[in-house]
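Only one structure is covered here, and it is reproduced in the block below.
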Amino acid sequence: MAFHVEGLVAIVVFYLAILAVGIWAAWKTKNTGSEGDRSEAIIVGGRDIGLLVGGFTMTATWVGGGYINGTAEAVYVPDYGLAWAQAPIGYSLSLVLGGLFFAKPMRSKGYVTMLDPFQQLYGKRMGGLLFIPALMGEMFWAAAIFSALGATISVIIDINVNISVIISALIATLYTLVGGVYSVAYTDVVQLFCIFLGLWISVPFAMSHPAVTDIGLTAVHHVYQAPWLGSINSLDIYTWLDNFFLLTLGGIPWQAYFQRVLSSSSATYAQVLSFLAAFGCLVMAIPAVLIGAIGASTAWNQTEYGVPDPKSKKEADMILPIVLQYLCPVYISFFGLGAVSAAVMSSADSSILSASSMFARNIYQLAFRQNASDREIVWVIRITVLLFGASATAMALLASSVYGLWYLSSDLIYIIIFPQLLCVLFIKGTNTYGAIAGYLFGLVLRITGGEPYLYLQPLIFYPGWYQDDNNLYIQRFPFKTLAMLTSFFTNVIVSYLAKYLFESGTLPPKLDFLDAVVARYSREHMDKATLVKSDNIVLNELAPVNPRHSLTLSSTFTNKEAFNYVDSSPELSNTEDN
């Protein structure tokens, strides 16, 4: 395959344009944030992102290279098909649920990162523990989408995969470094437009190629391979449900999502832009589904790709760039390349900024350097943007299946952070003891269930397991959802057991070594990271917390304060910005 100078020029021009937009956004908003609040301005802007920019940036965050390439791959692979392309529906539903139940309480409280409520209730130790799966999720996500871009560029313009991944990561990291959430948001607007235009321009040309059979026919009939609509065997229904819940519920507790929520100009706007992004995710998945269907409907021996077909060459994860390269005119394939590049950058920059924001605020500032200056925090954010960008790039070079790595990125988020988020927002009385126990139980059940993509053999064999052709053990039982539910109920049970033991006097107060039940009500023992002033957690004030020594069953499982978005207490009054 010849090296395409035109393609290289096109991608360079596109990258320079995106970089220019990012730097312009940084310059335009360089004075945003009052004196001493520049770090917060980098993380959540001025909390003034409106519906248009907010809807675009949240949609672009989910519609990444993994989303586009992975959806096309799932539709193309004969053993899966459209029935197993769960991400468009799953992540759209996650945005809807996030808007309905999570966006308003989080934005109304004025948190700066997703981990703030955990540190407010469970303390800085638990915040540090929860940072680990949150960081791993963001890094897996970024690695998956950088890998997708490397595959696309290498197929279309025939340059080294490593070079394409590294250059793309450098561009995304650079404008994130200089502008923070503003650069990410404004470049997302341009990138989403490029994704939409580039993919939709490519679809008609690919569909009209002489080697492509009518996708309506191949949807239900076996022509070159099994119908691309796919099917779900009765034995696989529980696996399907397990993965679907993972995508739907595990798609909520991401810093990349809550960064947009917390940057919104109001709590209501945070909800509305979640719904807009859900609709946008569905719309943007349509061309990816069609490209996967086109790949399944192509006689590849009649194209320059030749034989065997992509799935036989184990290149199913690159079906989107292969369709662009071999079924579209050269200049059209370059438009598609720009679309995938835009998709990658729109998600990669979000993940890198999200991980850096959580580290700088919840680990460095709240846990170790509570008296750190704002300038110091800004530099920590910048340094960690570089470090996390480099880490994601390194992982991208080791990726195998884009869709597999994409699923993995949600596993720890779903099993560990989602049940903790439910408890911290909606269930009264949970404490650090329950949170740690739930964390450990969920983690152990997930690891002992095995992971084929990491060649990790299971220690617990659930009903329905089998061994595939590669001697890997596959679990049909929905053990991920089991691990999530176990983590949730363990948190609740252990929390209330600890509360009862300490408050009844069965255990002396001195054994409350985490200051989670007895000592938490004492001003002199409270962690400085547990307070809310106006709409921001601050480090130098303490807010009173009144102990509850008795709880009814109904109040235990319905945290009504989570839905009372304006606190009646004058000392903890939280009002929405703008």
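Glycine is treated like the rest: Cβ placed from N, Cα and C.
Residues or ranges marked as transmembrane segment by TrEMBL: 6-27 (among others).
The transmembrane segment feature in TrEMBL is assigned to 80-103 (among others).
Remote same-chain residues near the transmembrane segment (129-157) are listed as 3-4, 7-8, 11, 64-66, 68-70, 114-115, 118, 164-165, 168-169, 253-256, 317-318, 320-322, 324-325, 333-334, 336-337, 340-341, 343-344, 347-348, 351-352, 354-355, 358-359, 362-363, 388-389, 391-393, 395-399, 402, 405-406, 408-410, 412-413, 416-417, 420, 436, 439 (criterion: CB distance under 8 Å, separation of at least six residues from the stretch ends). What TrEMBL lists as transmembrane segment is 129-157 (among others).
Residues or ranges marked as transmembrane segment by TrEMBL: 163-182 (among others).
The feature transmembrane segment is assigned by TrEMBL to 189-207 (among others).
Feature annotation from TrEMBL assigns transmembrane segment to 237-257 (among others).
Among residues of the same chain six or more beyond the transmembrane segment (269-298), those with a C-beta under 8 A of the stretch's C-beta atoms are 50-51, 54-56, 58-59, 61-63, 67-69, 71-76, 78, 81-82, 85, 87-89, 91-93, 95-96, 98-100, 103-104, 106-107, 192, 195-196, 199-200, 202-203, 206-207, 209, 211-215, 217-219, 223-225, 228, 260-262, 309-310, 319-320, 322-324, 327. As annotated by TrEMBL, transmembrane segment applies to 269-298 (among others).
Taken from TrEMBL, the feature transmembrane segment covers 318-344 (among others).
The transmembrane segment annotation in TrEMBL covers 379-399 (among others).
What TrEMBL lists as transmembrane segment is 405-427 (among others).
Positions annotated as transmembrane segment by TrEMBL: 439-462 (among others). If one looks beyond the transmembrane segment (439-462) by at least 6 residues along the same chain, the residues whose Cβ comes under 8 Å of a Cβ in the stretch are 126, 129-130, 400-401, 404-405, 407-408, 411-412, 415-416, 419-420, 468, 472-477, 479-480, 482-484, 486-487, 490.
The transmembrane segment annotation in TrEMBL covers 482-502 (among others).
The transmembrane segment (379-399) makes no contact with the transmembrane segment (189-207), as judged by fewer than three Cβ pairs under 8 Å among residues 6 or more apart in sequence. Counting Cβ pairs under 8 Å to the transmembrane segment (189-207), the top-ranked stretch among 163-182, 318-344, 482-502 is 318-344.
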